Number of protein chains: 2
Amino acid sequence: MSTVPMTKLGPSPVTEYLRRVVADLREVEGGAVNTSIPELANADPSTVGIAVATVDGALYQAGDTKQEFSIQSISKAFTYAQALTDRGVEGVFEKIDVEPSGDAFNEISLQPDTGRPSNPMINAGAIASTSLVRNTSHGSRMERILRLYSRCAGRQLRINKTVQAQERRAGDRNRALGWLLTSRGIIEGDPTRALEDYFSQCAVMLNCVDLARMGATLAAGGRNPVTGERVLEPPVVSDVLSVMSTCGMYDDAGRWALRVGLPAKSGVSGGVVAVLPGQLAVAVFSPPLDRHGNSVRGVAACERLTKDLDLHFARTERNGHSTVRAEYTLAEAPSLVRRNEAATEVLEEHGEDARIIELQGDLRFAGAETAVRTVREAARQSRYVLVDIRQVDDMARFVIPMLGRAAEQVENTGHHVVLIAEKGNEHAGRLEHPMPVFTTRAEALTWAEDRILEEFGGGECTPDKVASTRSELLSTMDEEDVRRIRAHTEPVSWDAGATVLRAGQKFNGVFMVTSGRVEVSRRSPQGDRVELEIIGPGMSFGEIAMGTGLRHLVSFTALSDVTAQRLSPEAIAQIEEEDPRLALRWWRAVGQQAMLRIEERWRQRAGETHTAG
Amino acid sequence: MSTVPMTKLGPSPVTEYLRRVVADLREVEGGAVNTSIPELANADPSTVGIAVATVDGALYQAGDTKQEFSIQSISKAFTYAQALTDRGVEGVFEKIDVEPSGDAFNEISLQPDTGRPSNPMINAGAIASTSLVRNTSHGSRMERILRLYSRCAGRQLRINKTVQAQERRAGDRNRALGWLLTSRGIIEGDPTRALEDYFSQCAVMLNCVDLARMGATLAAGGRNPVTGERVLEPPVVSDVLSVMSTCGMYDDAGRWALRVGLPAKSGVSGGVVAVLPGQLAVAVFSPPLDRHGNSVRGVAACERLTKDLDLHFARTERNGHSTVRAEYTLAEAPSLVRRNEAATEVLEEHGEDARIIELQGDLRFAGAETAVRTVREAARQSRYVLVDIRQVDDMARFVIPMLGRAAEQVENTGHHVVLIAEKGNEHAGRLEHPMPVFTTRAEALTWAEDRILEEFGGGECTPDKVASTRSELLSTMDEEDVRRIRAHTEPVSWDAGATVLRAGQKFNGVFMVTSGRVEVSRRSPQGDRVELEIIGPGMSFGEIAMGTGLRHLVSFTALSDVTAQRLSPEAIAQIEEEDPRLALRWWRAVGQQAMLRIEERWRQRAGETHTAG
């Protein structure tokens with residue numbers, strides 16, 4: 001094992017992609033920073049940051065993701081969550097409806113019949129949400145709100161006192177809304193404390209990464225993917241995401257649903273967070289706003305990501321938990337090639353130097369991200385990573401290029417990634433940087449083993465020619481015995497492609513291969529031809545029929561020109577008759593080889609069981 | 001194999017569930033049938049039907065699903081799809097916006113600036129959509145619209161001439177909308193033909209099953225799950241579902257998003273279709289409408305199904321393609337118990353009588369439905385079905401009861417379903433009708449094999465006691481040889497639980513078990529104890545160490561009180577020295593047994609490869 005440091009491997013293809021998006025976004029013009037308070041008016045309009053956080057804790061970022069900004073209206077989604085937690089769905093619904101209003105966010109309007117704000121994402125609704133959060137013995141309302149945001153972000157967030165003071169100074173319209181809510185009985189009594197807390201919550205500072213983590217906590221049904229803490233209950237999260245899906249982007253809901261198709265929330269400081277339930281969240285920060293009050297580059301970024309990465313709800317997949325069907329090393333699942341002792345020793349020593357990753361399910365972004373992450377991590381540990389995509393149901397167009405890019409990065413470290421795919425050429429054709437593609441796992445494993453043997457083994461590991469006297473079958477016998485057995489054998493040969501023995505044929509001897517390769521195969525119950533073993537120089541075949549009533553149940557095919565020494569049934573009988581002690585030692589050698597193979601199978605099983613359950 | 005007819009198995013648990021829902025819905029009062037035309041006014045308000053169609057073609061239904069009704073506004077979603085197909089997204093967006101309006105469906109209003117209808121789900125937008133569908137050489141506009149609906153439903157649908165005539169007679173308000181659209185240049189020229197086609201499209205008749213299939217075609221990205229035909233392109237379907245998600249339920253979008261969370265479309269005849277992308281569609285028909293114009297029972301049914309079956313977008317999973325990780329028979333993957341020849345023969349004959357189904361991924365409704373369907377089908381073919389849920393990531397609360405109900409139904413046919421689960425007792429505790437639960441596949445397979453042997457085999461298949469002279473190891477030797485070998489053995493015994501031999505110990509003989517069971521195990525590279533084989537009366541252990549340098553690499557544990565005859569290393573050496581011909585024959589017998597096991601492994605591999613790729 002030679003572990004490659006992550007720095008040498010380079011940034012993930014996902015990070016590279018986000019960097020390209022940020023570079024493109026810097027070119028996007030238009031929009032204007034919000035000027036409602038000086039701190040917002042002072043924002044640098046050229047700032048752009050993107051972060052993507054997944055439900056299993058991965059994080060990707062590009063651009064100005066360290067830049068802090070005030071949370072502003074994005075707070076509304078999370079405070080609503082706290083209100084739902086404190087008062088229950090029905091308790092909150094009595095005070096705040098959930099219908100998109102079509103109005104601007106700061107409209108002075110409540111529903112004529114009930115006096116309720118139309119939804120919790122307009123200011124009136126948000127002030128009502130804040131008022132519904134309880135003061136408890138575990139903390140004041142504002143402490144509890146800040147604690148919720150912090151637990152969602154996974155770090156302690158703080159209120160910016162300057163922003164808070166400015167919000168308070170610019171808050172007259174919100175005061176009007178507060179008193180209107182009181183007049184309709186939505187807020188009980190003086191709304192001043194609720195308004196104070198509302199101003200404070202808008203002034204909570206965070207950066208793009210915090211926002212992505214907060215979104216990922218919603219994506220994960222309320223469990224923070226990094227800290228593992230359950231921050232919100234799933235039904236609360238479901239309700240919050242639902243309201244975000246219809247009311248989160250002010251009066252741009254319809255176009256947002258069409259172009260992005262993810263529940264989202266934006267704020268006038270220029271932040272946007274979009275959530276793909278069960279999978280991930282995207283956070284963007286860029287101050288210039290469009291006429292709806294949404295970040296121009298934030299909207300552009302979300303549209304771009306949705307399009308490039310198939311994130312739209314109507315094209316989505318579930319989370320990537322099961323993308324990796326199994327991961328195991330060569331040590332646990334060697335190729336079908338029967339190796340000699342020298343080769344087996346080298347391969348055992350380097351059993352961790354090749355690693356198989358089986359992928360499955362639908363590969364869209366979350367699955368591809370998991371796959372790429374797994375491949376990169378595996379390629380740091382192992383010289384050869386074989387990615388088996390034959391069990392993948394459906395694959396988005398960017399998956400193969402993304403795997404290809406990961407393979408290219410790995411190649412630069414001196415390690416290698418190859419693909420195992422049913423339609424090898426079609427997939428390979430989609431790659432800019434070509435990577436080896438095999439159609440069966442056996443082929444790919446053989447390739448990896450051969451390269452390991454070439455690098456670490458001597459010539460004796462993969463000999464072109466092995467005298468029958470050096471056959472593994474006779475390896476436990478002494479030289480004199482081997483010489484005497486050899487005298488009973490005769491040379492045989494086959495051309496490449498020839499059928500050596502067919503299933504059903506009678507036992508006609510034990511064959512010690514001296515050159516070339518023979519494939520052992522048999523029909524599956526469904527009639528498919530299944531490759532079982534490959535036998536090369538120094539190995540033998542035919543002996544198994546001695547355990548099955550002297551009839552072959554498998555077929556043997558010459559993969560190349562093959563030469564062998566044959567010990568015929570008649571020769572065996574003759575030895576048994578004439579030299580029972582020699583026959584005894586021969587049978588013991590043959591039996592020992594078979595025992596060794598049973599033991600090898602046990603060892604493999606012990607490895608397999610761990611990975612495949 | 002004894003195949004159970006589906007009728008004997010009874011309806012699927014999914015159907016049973018839908019029947020309960022329909023029975024409950026019949027109790028739901030309220031709402032009024034639409035009276036805009038006589039055909040609608042005449043509808044029977046007690047009618048209730050539900051159908052669920054999945055993207056892999058399964059269909060479940062309950063209630064009045066044969067009752068035909070006119071499609072009415074549900075047509076809007078599909079005609080919009082045809083318009084998008086004919087004119088492209090931009091071409092349609094120029095004429096019809098995608099924002100929820102908050103207005104009633106027949107409001108006389110267009111956007112002041114552009115003259116566009118707010119969205120294609122209000123009448124003005126729908127008339128505009130109709131006008132955008134092209135007349136082509138392959139069919140007139142109306143022919144093409146009807147053909148689209150029919151291809152989505154999977155059967156030829158028809159226009160009801162009476163409804164069509166009544167729509168035409170009651171169409172003055174729509175005529176006003178048509179001319180208004182013309183006045184703003186949204187429709188070019190006389191709108192009369194477009195209006196005629198709009199009246200006709202509203203009069204297309206269908207039943208609940210048709211509607212569910214149409215929805216499933218959208219769920220499947222535009223491919224009809226039954227006919228396999230690609231009816232719509234995925235980007236068009238994505239846009240249609242997006243608009244349905246914000247505008248499909250008239251002005252009830254927010255509450256719908258919260259309570260149901262699925263893109264949907266309803267019509268004034270009382271139909272509703274809700275779509276879970278990638279998975280399924282639910283169609284409900286019941287004429288009484290609420291104040292929004294949505295079917296009262298339709299809304300209630302969708303809320304109920306979402307809640308019961310976790311269909312909400314914020315709690316969703318991907319489609320169920322990979323729910324079944326693998327399915328195979330006992331013939332392809334026997335238990336770890338080494339059986340004698342008689343037992344092996346019986347098990348080979350009945351290899352199809354037990355079937356293993358491995359599930360994986362997140363099991364919510366679609367996955368559970370696939371699982372139940374697979375289990376039922378398997379249980380019709382096989383006497384024992386072993387459902388392995390250890391690879392399942394996350395499971396909705398109804399999954400185990402649903403599997404339990406399927407198991408109960410199967411039990412009634414004389415077949416059996418058992419569960420393999422990590423936390424056996426916890427899962428079993430959730431079942432009304434208890435089903436056997438095993439924690440390992442080996443245990444479950446052993447159980448199934450034992451039952452098959454009990455039923456079809458004689459006592460010799462699972463003997464309590466087997467004399468060492470009848471040991472499989474010696475089965476190819478003649479009686480006299482066996483007797484002579486027997487004379488060299490000595491009796492040994494262990495108490496249940498005793499460690500018989502530890503990995504690392506020196507070879508100390510071949511043990512022919514006469515009673516009790518011994519487990520062979522070894523440590524995985526990760527240190528877990530992996531069970532490899534179970535050896536019972538008539539079988540032997542210890543001989544494998546003769547192939548591995550006379551040292552055991554596995555451990556042996558007595559699973560019960562065990563008695564055996566031991567052939568010690570000294571005895572073997574003595575036989576070899578004193579009677580080489582007997583030794584030769586003994587080694588041959590031992591070698592042949594080992595060969596047989598290698599051949600058995602080959603046979604298994606040929607089976608496995610097919611199912612697990």
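Backbone N, Cα and C define each Cβ position, glycine as well.
TrEMBL labels come from automatic prediction, so no person has curated them.
Summarising the annotation, TrEMBL assigns substrate binding site to A:Ser73, A:Asn123, A:Glu167, A:Asn174, A:Tyr198, A:Tyr250, A:Val268. Residues or ranges marked as domain 'STAS' by TrEMBL: A:352-421. The domain 'Cyclic nucleotide-binding' feature in TrEMBL is assigned to A:473-575.
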Run through the domain 'STAS' (A:352-421) and tell me, per DSSP, how many residues are helix, strand and coil.
30 helix, 27 strand, 13 coil
I want to check the contact list for A:Glu167 (substrate binding site): same chain, sequence separation of six or more, C-beta distance under 8 angstroms. What comes out?
A:Ile37, A:Phe199, A:Ser200, A:Cys202, A:Ala203
Looking only at the domain 'STAS' (A:352-421), what is the model's average confidence as pLDDT?
88
Within a 10 Å radius of its Cβ, which of these binding-site residues (A:Tyr198, A:Tyr250) has the fewest neighbouring Cβ atoms?
A:Tyr250
Using only the residues recorded as binding substrate (A:Ser73, A:Asn123, A:Glu167, A:Asn174, A:Tyr198, A:Tyr250, A:Val268), report the maximum Cα-Cα distance in Å, whole number please.
20
In the chain carrying A:Val268 (substrate binding site), residues 6 or more apart in sequence that have Cβ under 8 angstroms from it:
A:Asn34, A:Ser36, A:Leu40, A:Gln72, A:Ser73, A:Leu289, A:Gly293
Please count the residues of the domain 'Cyclic nucleotide-binding' (A:473-575) that DSSP assigns to helix (H, G, I), strand (E, B) and coil.
22 helix, 41 strand, 40 coil
